[in-house]
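**Student:** OK, Swiss-Prot features for this one:
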BINDING   Gly81, 84-85, Thr89, 91-94, 109-117, Ser121  5-phospho-alpha-D-ribose 1-diphosphate binding site
BINDING   Gly81, Asn112  anthranilate 1 binding site
BINDING   Ser93, Glu226  Mg(2+) 1 binding site
BINDING   Arg167  anthranilate 2 binding site
BINDING   Asp225, Glu226  Mg(2+) 2 binding site
Amino acid sequence: MIREAIARVSSGTDLTPAEAGGVMAEIMHGAATPAQIGGFLTALRMKGETVAEIAAFARAMRAAAVPVALPAPGARVDTCGTGGDGAGTFNISTAAAFVAAGAGVPVVKHGNRGVSSRCGSADVLEALGVSVAIPPDRVGEVLAAAGIAFLFAPAYHPAMQYARIARQEIGIRTVFNLLGPLTNPAGAGAHLLGVYDPCLTLPVARVLGDLGAERAMVVHGAGLDEIATAGPTTVAELRGGEVTTYTLDCTEFGVPRSSVAALRGGGPEENAATLLAVLAGEEGPARDIVLLNAGAAIYLGGKADGIAGGIAHAEASLDSGAALDRLRRLVEATGGAA
(Lines of atoms letter the chains of each structure in order from A; the text may use other names.)
(Lines give C-alpha, C1' and ligand atoms only; values in the text may rest on other atoms or scores of the structure.)
Protein backbone atom coordinates (compact mmCIF):
# COMPACT_ATOMS: atom_id res chain seq x y z
CA MET A 1 0.00 0.00 0.00
CA ILE A 2 2.77 2.48 0.83
CA ARG A 3 4.19 2.36 -2.72
CA GLU A 4 0.81 3.31 -4.16
CA ALA A 5 0.44 6.02 -1.51
CA ILE A 6 3.82 7.52 -2.42
CA ALA A 7 2.70 7.79 -6.04
CA ARG A 8 -0.61 9.42 -5.07
CA VAL A 9 0.87 11.87 -2.61
CA SER A 10 3.73 12.76 -4.99
CA SER A 11 1.15 13.82 -7.56
CA GLY A 12 -0.56 16.07 -5.00
CA THR A 13 -3.50 13.76 -4.33
CA ASP A 14 -4.87 13.57 -0.80
CA LEU A 15 -5.27 10.15 0.78
CA THR A 16 -8.60 8.92 2.06
CA PRO A 17 -8.74 8.14 5.80
CA ALA A 18 -8.70 4.42 4.97
CA GLU A 19 -5.62 4.82 2.78
CA ALA A 20 -3.79 6.95 5.33
CA GLY A 21 -4.63 4.55 8.14
CA GLY A 22 -3.49 1.62 6.03
CA VAL A 23 -0.13 3.23 5.29
CA MET A 24 0.49 4.00 8.96
CA ALA A 25 -0.51 0.46 9.92
CA GLU A 26 2.09 -0.86 7.45
CA ILE A 27 4.73 1.38 8.99
CA MET A 28 3.76 0.40 12.55
CA HIS A 29 3.94 -3.31 11.69
CA GLY A 30 7.39 -3.07 10.10
CA ALA A 31 6.08 -3.81 6.61
CA ALA A 32 7.62 -0.70 5.01
CA THR A 33 11.31 -0.13 4.33
CA PRO A 34 13.16 2.97 5.58
CA ALA A 35 13.44 4.17 1.96
CA GLN A 36 9.68 3.84 1.48
CA ILE A 37 8.94 5.57 4.79
CA GLY A 38 11.34 8.42 4.00
CA GLY A 39 9.90 8.85 0.51
CA PHE A 40 6.36 8.86 1.83
CA LEU A 41 7.05 11.34 4.63
CA THR A 42 8.89 13.70 2.29
CA ALA A 43 6.15 13.59 -0.37
CA LEU A 44 3.50 14.12 2.29
CA ARG A 45 5.37 17.10 3.69
CA MET A 46 5.59 18.65 0.21
CA LYS A 47 1.89 18.07 -0.48
CA GLY A 48 0.76 19.16 2.96
CA GLU A 49 -1.08 16.90 5.39
CA THR A 50 -4.86 17.16 5.61
CA VAL A 51 -6.88 16.99 8.82
CA ALA A 52 -8.37 13.66 7.70
CA GLU A 53 -4.92 12.21 6.97
CA ILE A 54 -3.43 13.28 10.30
CA ALA A 55 -6.43 11.93 12.23
CA ALA A 56 -6.19 8.60 10.40
CA PHE A 57 -2.46 8.37 11.10
CA ALA A 58 -3.09 9.09 14.78
CA ARG A 59 -5.80 6.42 15.01
CA ALA A 60 -3.47 3.84 13.49
CA MET A 61 -0.70 4.80 15.91
CA ARG A 62 -3.08 4.59 18.85
CA ALA A 63 -4.19 1.15 17.69
CA ALA A 64 -0.57 -0.02 17.67
CA ALA A 65 0.21 1.49 21.09
CA VAL A 66 0.53 -0.41 24.36
CA PRO A 67 -2.88 0.07 26.04
CA VAL A 68 -3.36 1.83 29.37
CA ALA A 69 -6.37 0.82 31.44
CA LEU A 70 -7.88 3.95 32.99
CA PRO A 71 -11.48 5.09 33.57
CA ALA A 72 -13.22 7.17 30.89
CA PRO A 73 -11.11 10.22 29.96
CA GLY A 74 -13.24 12.83 31.72
CA ALA A 75 -11.27 15.93 32.71
CA ARG A 76 -7.79 14.42 32.49
CA VAL A 77 -5.44 16.90 30.80
CA ASP A 78 -2.26 16.49 28.78
CA THR A 79 0.16 19.42 28.53
CA CYS A 80 2.35 18.62 25.58
CA GLY A 81 4.10 20.26 22.67
CA THR A 82 5.48 19.31 19.31
CA GLY A 83 8.87 20.78 20.11
CA GLY A 84 10.88 21.95 17.15
CA ASP A 85 10.50 25.66 17.89
CA GLY A 86 14.27 26.00 18.29
CA ALA A 87 13.94 28.41 21.22
CA GLY A 88 15.77 26.30 23.81
CA THR A 89 13.53 27.27 26.72
CA PHE A 90 13.25 25.35 29.99
CA ASN A 91 10.50 22.71 30.25
CA ILE A 92 7.52 25.04 30.57
CA SER A 93 4.72 22.55 29.90
CA THR A 94 6.21 20.07 32.40
CA ALA A 95 6.25 22.72 35.12
CA ALA A 96 2.70 23.73 34.19
CA ALA A 97 1.61 20.10 34.53
CA PHE A 98 2.63 20.01 38.21
CA VAL A 99 0.92 23.34 38.88
CA ALA A 100 -2.31 22.13 37.26
CA ALA A 101 -2.11 18.88 39.22
CA GLY A 102 -1.63 20.88 42.42
CA ALA A 103 -4.86 22.71 41.59
CA GLY A 104 -6.74 19.41 41.44
CA VAL A 105 -6.65 18.72 37.71
CA PRO A 106 -5.64 15.11 36.90
CA VAL A 107 -2.73 15.24 34.45
CA VAL A 108 -1.53 12.44 32.16
CA LYS A 109 1.52 13.88 30.46
CA HIS A 110 2.81 12.13 27.36
CA GLY A 111 6.41 12.92 26.52
CA ASN A 112 9.85 11.87 25.44
CA ARG A 113 13.52 12.68 25.68
CA GLY A 114 14.90 15.72 23.93
CA VAL A 115 14.92 15.45 20.14
CA SER A 116 14.97 19.05 18.92
CA SER A 117 16.20 20.35 22.30
CA ARG A 118 18.84 19.42 24.86
CA CYS A 119 16.26 18.45 27.43
CA GLY A 120 12.89 16.79 26.88
CA SER A 121 10.24 16.20 29.52
CA ALA A 122 11.57 12.72 30.31
CA ASP A 123 15.09 14.12 30.77
CA VAL A 124 14.06 16.82 33.23
CA LEU A 125 11.77 14.48 35.16
CA GLU A 126 14.61 12.00 35.61
CA ALA A 127 16.83 14.83 36.84
CA LEU A 128 14.10 15.64 39.37
CA GLY A 129 14.11 12.05 40.64
CA VAL A 130 11.09 10.68 38.79
CA SER A 131 11.32 7.17 37.36
CA VAL A 132 9.82 7.61 33.89
CA ALA A 133 9.72 3.94 32.92
CA ILE A 134 6.65 2.83 34.86
CA PRO A 135 4.75 -0.11 33.33
CA PRO A 136 1.31 0.51 31.81
CA ASP A 137 -0.49 -1.41 34.55
CA ARG A 138 0.82 1.06 37.17
CA VAL A 139 -0.28 4.30 35.48
CA GLY A 140 -3.64 4.34 37.26
CA GLU A 141 -1.99 3.71 40.62
CA VAL A 142 0.53 6.51 40.08
CA LEU A 143 -2.18 8.92 38.89
CA ALA A 144 -4.29 8.19 41.97
CA ALA A 145 -1.33 8.69 44.31
CA ALA A 146 0.21 11.78 42.75
CA GLY A 147 -2.56 13.41 40.71
CA ILE A 148 -0.17 13.29 37.76
CA ALA A 149 1.35 10.48 35.70
CA PHE A 150 4.00 10.57 33.00
CA LEU A 151 3.79 8.28 29.99
CA PHE A 152 7.20 7.82 28.39
CA ALA A 153 6.37 7.66 24.68
CA PRO A 154 8.88 4.96 23.60
CA ALA A 155 7.45 2.54 26.19
CA TYR A 156 3.95 2.92 24.75
CA HIS A 157 4.77 3.25 21.06
CA PRO A 158 7.40 0.54 20.43
CA ALA A 159 6.34 0.35 16.78
CA MET A 160 7.84 3.81 16.25
CA GLN A 161 11.18 2.03 16.00
CA TYR A 162 10.28 1.17 12.41
CA ALA A 163 10.21 4.86 11.43
CA ARG A 164 13.26 5.92 13.43
CA ILE A 165 15.95 5.40 10.77
CA ALA A 166 13.95 7.13 8.03
CA ARG A 167 13.17 10.11 10.26
CA GLN A 168 16.80 10.49 11.28
CA GLU A 169 18.13 10.19 7.76
CA ILE A 170 15.78 12.65 6.04
CA GLY A 171 16.29 15.16 8.85
CA ILE A 172 13.19 17.30 8.28
CA ARG A 173 10.02 17.89 10.24
CA THR A 174 7.37 15.38 9.27
CA VAL A 175 3.87 14.43 10.31
CA PHE A 176 5.42 12.40 13.15
CA ASN A 177 6.31 15.68 14.88
CA LEU A 178 2.57 16.29 15.19
CA LEU A 179 1.56 12.72 15.97
CA GLY A 180 3.39 12.41 19.29
CA PRO A 181 1.13 14.89 21.11
CA LEU A 182 -1.95 13.40 19.39
CA THR A 183 -1.35 9.82 20.51
CA ASN A 184 -1.46 9.87 24.32
CA PRO A 185 -2.28 6.24 25.19
CA ALA A 186 -4.05 7.28 28.39
CA GLY A 187 -6.81 8.99 26.43
CA ALA A 188 -6.72 12.51 27.88
CA GLY A 189 -10.03 14.27 27.40
CA ALA A 190 -8.45 17.73 27.29
CA HIS A 191 -5.24 18.99 25.72
CA LEU A 192 -3.06 22.05 26.01
CA LEU A 193 -0.98 21.43 22.91
CA GLY A 194 1.76 23.70 21.66
CA VAL A 195 2.82 23.64 18.01
CA TYR A 196 5.96 24.95 16.29
CA ASP A 197 4.05 26.91 13.61
CA PRO A 198 1.00 29.15 14.14
CA CYS A 199 -0.48 27.84 10.87
CA LEU A 200 -0.90 24.45 12.56
CA THR A 201 -3.13 25.64 15.40
CA LEU A 202 -6.44 25.35 13.54
CA PRO A 203 -5.85 22.03 11.73
CA VAL A 204 -4.45 20.33 14.84
CA ALA A 205 -7.43 21.50 16.90
CA ARG A 206 -9.71 20.02 14.25
CA VAL A 207 -7.76 16.76 14.37
CA LEU A 208 -8.22 16.60 18.14
CA GLY A 209 -11.95 17.09 17.69
CA ASP A 210 -12.00 14.35 15.06
CA LEU A 211 -10.19 12.06 17.53
CA GLY A 212 -12.82 12.64 20.21
CA ALA A 213 -11.17 15.19 22.51
CA GLU A 214 -13.66 17.14 24.60
CA ARG A 215 -11.58 20.27 25.19
CA ALA A 216 -8.37 21.60 23.70
CA MET A 217 -6.31 24.71 23.17
CA VAL A 218 -3.72 24.44 20.41
CA VAL A 219 -1.28 27.31 20.79
CA HIS A 220 1.76 29.06 19.34
CA GLY A 221 3.12 32.24 20.85
CA ALA A 222 6.05 34.44 19.84
CA GLY A 223 7.95 31.57 18.23
CA LEU A 224 7.25 29.12 21.07
CA ASP A 225 5.10 26.00 21.26
CA GLU A 226 3.59 27.54 24.41
CA ILE A 227 1.30 30.36 25.45
CA ALA A 228 3.87 33.13 25.40
CA THR A 229 4.85 36.08 27.54
CA ALA A 230 7.09 37.56 24.83
CA GLY A 231 4.23 38.49 22.51
CA PRO A 232 0.75 37.50 21.35
CA THR A 233 -0.32 33.86 21.17
CA THR A 234 -2.37 32.31 18.37
CA VAL A 235 -5.02 29.95 19.78
CA ALA A 236 -7.43 27.45 18.27
CA GLU A 237 -9.80 26.30 20.99
CA LEU A 238 -11.96 23.18 20.77
CA ARG A 239 -15.08 23.22 22.90
CA GLY A 240 -18.44 21.56 22.38
CA GLY A 241 -17.32 20.12 19.06
CA GLU A 242 -16.59 23.58 17.64
CA VAL A 243 -13.22 25.21 17.03
CA THR A 244 -12.77 28.95 17.48
CA THR A 245 -9.60 30.91 16.74
CA TYR A 246 -8.34 34.00 18.50
CA THR A 247 -5.26 35.79 19.75
CA LEU A 248 -4.51 36.35 23.41
CA ASP A 249 -1.89 38.42 25.21
CA CYS A 250 -0.48 37.70 28.64
CA THR A 251 -1.09 41.30 29.70
CA GLU A 252 -4.85 40.65 29.45
CA PHE A 253 -4.44 38.51 32.56
CA GLY A 254 -2.08 40.75 34.47
CA VAL A 255 0.94 38.64 33.52
CA PRO A 256 3.91 40.85 32.56
CA ARG A 257 5.75 40.57 29.26
CA SER A 258 9.23 39.06 29.23
CA SER A 259 11.75 38.10 26.58
CA VAL A 260 12.26 34.58 25.28
CA ALA A 261 15.90 34.98 26.35
CA ALA A 262 14.74 35.15 29.97
CA LEU A 263 13.28 31.65 29.58
CA ARG A 264 16.33 29.95 28.10
CA GLY A 265 17.13 26.52 29.45
CA GLY A 266 20.02 24.12 29.20
CA GLY A 267 20.59 20.50 30.04
CA PRO A 268 18.49 18.35 32.38
CA GLU A 269 20.15 19.48 35.63
CA GLU A 270 19.86 23.17 34.75
CA ASN A 271 16.24 22.85 33.69
CA ALA A 272 15.42 20.80 36.78
CA ALA A 273 16.82 23.59 38.95
CA THR A 274 14.67 26.16 37.14
CA LEU A 275 11.57 24.00 37.48
CA LEU A 276 12.22 23.42 41.19
CA ALA A 277 12.69 27.15 41.75
CA VAL A 278 9.33 27.86 40.12
CA LEU A 279 7.57 25.17 42.15
CA ALA A 280 9.21 26.53 45.31
CA GLY A 281 7.64 29.94 44.66
CA GLU A 282 10.47 31.95 43.11
CA GLU A 283 9.20 35.07 41.33
CA GLY A 284 10.22 36.08 37.83
CA PRO A 285 9.68 35.38 34.12
CA ALA A 286 9.80 31.58 34.55
CA ARG A 287 6.99 31.65 37.11
CA ASP A 288 4.98 34.05 34.94
CA ILE A 289 4.92 31.83 31.85
CA VAL A 290 4.23 28.73 33.94
CA LEU A 291 1.27 30.48 35.59
CA LEU A 292 -0.11 31.43 32.18
CA ASN A 293 0.12 27.92 30.75
CA ALA A 294 -1.02 26.20 33.94
CA GLY A 295 -3.97 28.59 34.06
CA ALA A 296 -5.02 27.43 30.60
CA ALA A 297 -4.63 23.76 31.61
CA ILE A 298 -6.72 24.32 34.74
CA TYR A 299 -9.40 26.01 32.61
CA LEU A 300 -9.39 23.08 30.19
CA GLY A 301 -9.65 20.69 33.13
CA GLY A 302 -12.89 22.33 34.21
CA LYS A 303 -11.62 23.88 37.44
CA ALA A 304 -12.09 27.46 36.21
CA ASP A 305 -14.45 29.32 33.89
CA GLY A 306 -11.61 30.97 31.99
CA ILE A 307 -7.87 31.43 31.86
CA ALA A 308 -7.97 34.27 34.39
CA GLY A 309 -9.65 32.02 36.93
CA GLY A 310 -7.21 29.27 36.04
CA ILE A 311 -4.27 31.58 36.76
CA ALA A 312 -5.72 32.34 40.20
CA HIS A 313 -5.86 28.60 40.92
CA ALA A 314 -2.32 28.24 39.57
CA GLU A 315 -1.03 30.94 41.91
CA ALA A 316 -2.67 29.17 44.84
CA SER A 317 -1.16 25.85 43.73
CA LEU A 318 2.33 27.35 43.76
CA ASP A 319 2.01 29.53 46.85
CA SER A 320 0.47 26.77 48.98
CA GLY A 321 3.17 24.28 48.05
CA ALA A 322 0.62 21.98 46.39
CA ALA A 323 2.45 21.95 43.05
CA LEU A 324 5.76 21.04 44.69
CA ASP A 325 3.98 18.34 46.69
CA ARG A 326 2.72 16.78 43.44
CA LEU A 327 6.32 16.42 42.31
CA ARG A 328 7.26 14.82 45.63
CA ARG A 329 4.34 12.41 45.32
CA LEU A 330 5.26 11.51 41.75
CA VAL A 331 8.83 10.72 42.78
CA GLU A 332 7.53 8.49 45.59
CA ALA A 333 4.84 6.80 43.49
CA THR A 334 7.27 5.92 40.69
CA GLY A 335 9.95 4.66 43.04
CA GLY A 336 12.38 7.35 41.99
CA ALA A 337 15.00 9.09 44.08
CA ALA A 338 14.53 12.65 45.25
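Note that Cβ sites are derived from N, Cα and C of the backbone, with glycine treated the same way.
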**Student:** Compute the C-alpha separation of His110 (5-phospho-alpha-D-ribose 1-diphosphate binding site) from Glu226 (Mg(2+) 1 binding site), stating it in Å without decimals.
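**Tutor:** Roughly 16 Å, rounded to the nearest whole number.
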**Student:** For Arg167 (anthranilate 2 binding site) and Ser93 (5-phospho-alpha-D-ribose 1-diphosphate binding site), what Cα-Cα distance in Å is obtained after rounding to a whole number?
**Tutor:** 25
**Student:** Cβ-Cβ under 8 Å from Arg113 (5-phospho-alpha-D-ribose 1-diphosphate binding site), same chain, 6 or more residues apart: which ones?
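**Tutor:** Correct list: Gly120, Ala122, Asp123.
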**Student:** Have a look at the binding-site residues (Asp225, Glu226) and report the one with the fewest Cβ neighbours inside 10 Å.
**Tutor:** Asp225
**Student:** If you count Cβ atoms within 10 Å of each one, which of the binding-site residues His110, Arg167 comes out on top?
**Tutor:** His110
**Student:** Other than its own, how many Cβ atoms are within 10 Å of the Cβ belonging to Thr89 (5-phospho-alpha-D-ribose 1-diphosphate binding site)?
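**Tutor:** I get 24 for this one.
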**Student:** Please report the distance from the Cα of Glu226 (Mg(2+) 1 binding site) to the Cα of Gly81 (5-phospho-alpha-D-ribose 1-diphosphate binding site), rounded to the nearest angstrom.
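**Tutor:** It is 7 Å, counting Cα to Cα.
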**Student:** List the residues of the same chain that sit at least 6 positions away from Ser93 (5-phospho-alpha-D-ribose 1-diphosphate binding site) in sequence and have their Cβ under 8 Å from its Cβ, in sequence order, or write 'none'.
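**Tutor:** Same-chain residues close to Ser93 (5-phospho-alpha-D-ribose 1-diphosphate binding site) (Cβ under 8 Å, separated by 6 or more) are Thr79, Cys80, Gly81, Lys109, Ser121, Leu192, Gly194, Glu226, Asn293.
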**Student:** Work out the three-state DSSP category of Arg113 (5-phospho-alpha-D-ribose 1-diphosphate binding site).
**Tutor:** coil
**Student:** Measuring Cα to Cα, how many Å separate Thr89 (5-phospho-alpha-D-ribose 1-diphosphate binding site) from Asn112 (anthranilate 1 binding site)?
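**Tutor:** With the alpha carbons as reference points, the distance is 16 Å.
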